[in-house]
Amino acid sequence: MNLTKLPGTMTINTEDHLTIGGIDTVLLADKYQTPLFVYDIALIRERCREFKETFERKQINAQVAYASKAFSCLAIYQLMAQEGMSLDVVSGGELYTAIQAGFPSEKIHFHGNNKTMTEINAALDYQIGCFVVDNFNELNLLNQLASKKEVIVKILLRVTPGVEAHTHNYISTGQEDSKFGFDLMNGQAEQAAIQAIEMSNVDLIGLHSHIGSQIFESDGFLMAIDKLLSKTIDWQNTFGFKLSVLNLGGGFGIRYTEEDQPLAIPELMESIIDEVILKTTELGVEMPEIWLEPGRSLVGDAGTTLYETGSQKEVPNVRNYLAVDGGMSDNIRPALYDAKYTGVLANRVTEQPTETYSIAGKCCESGDMLIWDLPLPKVQEANILAVFSTGAYGYSMASNYNRIPRPAVVFVENSTDFLAIRRETYVDVMQLDIPFPTE
Ligand SMILES: *Cc1c(COP(=O)(O)O)cnc(C)c1O
C-alpha cells in the first residue's frame, strides 16, 4: 500500500496508528471489537458530489442512483437521501429498508430479473419512481398488476447491448449469454419495446444497460452508447419509440491494490456524456436524460475492515499463514472472485515490513483466504489488521457461515463515530431456530 496515497480522510497519527474520519482505528477496534467495518462518510459524500457535479457542470439532466446492493442498511439509505441521490433496489428487502429509511419513493428504481408478484405489488403501493423491466414475464405481470391498481408506471427496459466490459478490456458479442435483460441484437428488445408501447399501464421512458463491474476505462460504455442510440433511431422511425432516459448502469472501478488504476470518475463520466451528445446529434435523436447507477465507486474504498490477528502457521519454505478473527463470513469476494485486497497493521502502519504473511480467515474452508503474500512487520501478539476497500459487497454479502455473528458497522465523520449496524450476538444468530419437538 502506498501510504502517501491513502483514500479519503485516512491519516497516520503520531502513535503510528491508522486514523479514519479523524478517529484512531485502534480505539475504534477497542470500542466496538473486531471484525469491524469502518466507513469514511466524508469520502462517500465526496463521491456522490463528484457524480452529481459532473452532470451539473456539463448541464445534463441526470439521475445518479446508488446501487444499494453494494452496501445496504438504514443509515446508508439516509445518507444517500441527504446527498440527493436516487436509489436502485433489487429486492423486496432492499425496498423495505429504503422505505423504512424514509427514502423518497419517487427516486427509487426497482431492478431484478425475477421480481415476484408480492415485490411488484409492494413497489406499486409505495409508488416508486421506475421499474427496470428485465423480461417478458415481468412486463406482462407488471402491466397486469398496475392495471388492477389503476396506475400507470414508468419503466425502462433492461437490454443487453452485446458489450461485456472488464477491468482492462471489453468484448463485443453479437449475442450475450446473460440471465439479465432483453437482447438488443436478436430483436427481443425491439419486441419488448413494441409490446410496452401498446400496453395501457406501463409508460416506457427509456433503456437501461449495465455492461459489467470494476471497469477502468470508457471504451465499453462508448460502445454500448453507440449500439443503444443506433437502435433508438431505428425504433423511433419504425414505431415511434421515444428515448427520454438513457440509463448506462454502474460498474465504475475502484482501487483495491496498487495495481488498480481506474480513471477518475469525472473523466470517465465526461467521455460518456460527450459520446451521448455526439451520437444523438449525429443521429438526430433528442438528447435524453442520462442516469447512472454507481455502487462500488460510492462506497468501496470508503470502507475498511479491522480484524484482530490471531494464530499463525508456518509452512517451511512455502508461506506463513496469519489468521484473523473474520474471513469469508464478512468478505467472500476473495473466495468467490479471487478478488485482491491489501492491508496494513493499523497499530504499526509505517513500520518496515520484514515478513510476508498470507492472511487467512477463521472459517472451515481452505479457500477462506483474504490476502495472499502481504508484506507486514513481524506479528507476535494480537495486532489490528486493517484491510482496505472493503466497503462494497463485503457486509452486504456477509453470512453466518460457521455461525459466526456478522460484524458491526461504524460510520466515522469529523472525529465522531456512529454505530450504523450493531454486531450480531449468538442470540441473534439463533433467533430463527425452532427447537425440535420432544415427545
Ligand atoms: C450491480 C449493479 C450496479 C452497480 O455496480 P457497481 O459495480 O457496484 O457500480 C448497477 N446497476 C446494475 C443493474 C447492477 O446490477
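Positions of Cβ are set from backbone N, Cα and C atoms, glycine also.
Annotation comment: TrEMBL describes 38-391 as domain 'Orn/DAP/Arg decarboxylase 2 C-terminal'.
Feature annotation from TrEMBL assigns domain 'Orn/DAP/Arg decarboxylase 2 N-terminal' to 43-299.
Following the DSSP three-state reduction, the secondary structure of K69 (N6-(pyridoxal phosphate)lysine) is helix. Other Cβ atoms within 10 Å of the Cβ of K69 (N6-(pyridoxal phosphate)lysine) number 20 in total over all chains. The N6-(pyridoxal phosphate)lysine feature in TrEMBL is assigned to K69.
With a cut-off of 8 Å between CB atoms and residues at least 6 apart in sequence, the same chain places Y66, A67, S68, K69, A70, F71, D88, G250, A392 near G295 (pyridoxal 5'-phosphate binding site), listed in sequence order. Among the features that TrEMBL reports, pyridoxal 5'-phosphate binding site is placed at G251, E293, P294, G295, R296, Y393.
Among the features that TrEMBL reports, substrate binding site is placed at R296, R333, Y337, E365, Y393. Within the same chain, the residues at least 6 positions away from Y393 (pyridoxal 5'-phosphate binding site) whose Cβ sits under 8 Å from its Cβ are K69, A70, F71, R296, R333, listed in sequence order. DSSP assigns Y393 (pyridoxal 5'-phosphate binding site) to coil in the three-state reduction, placing it in neither a helix nor a strand.
If you look up TrEMBL, you'll see C364 marked as active site, proton donor. Under the DSSP three-state reduction, C364 (active site, proton donor) is assigned to coil, being neither helix nor strand.
Measuring Cα to Cα from E365 (substrate binding site), none of the binding-site residues G251, E293, P294 fall within 10 Å. For ligand 1, the binding-site residues lying close by, meaning a CB under 6 A from one of its atoms, are G251, G295; the full candidate list was G251, G295, Y337, E365. Listed in chain order, the extra residues whose Cβ falls within 8 Å of the Cβ center of the pyridoxal 5'-phosphate site residues G251, E293, P294, G295, R296, Y393 are A67, A70, S213, G250, F252, S297, L298, G300, A392. Within the set G251, E293, P294, G295, R296, Y393 that the record links to pyridoxal 5'-phosphate, no two Cα atoms are more than 15 Å apart, and one pair reaches that distance.
Across the fold, the C-alpha of E293 (pyridoxal 5'-phosphate binding site) and the C-alpha of Y337 (substrate binding site) stand 22 Å from each other.
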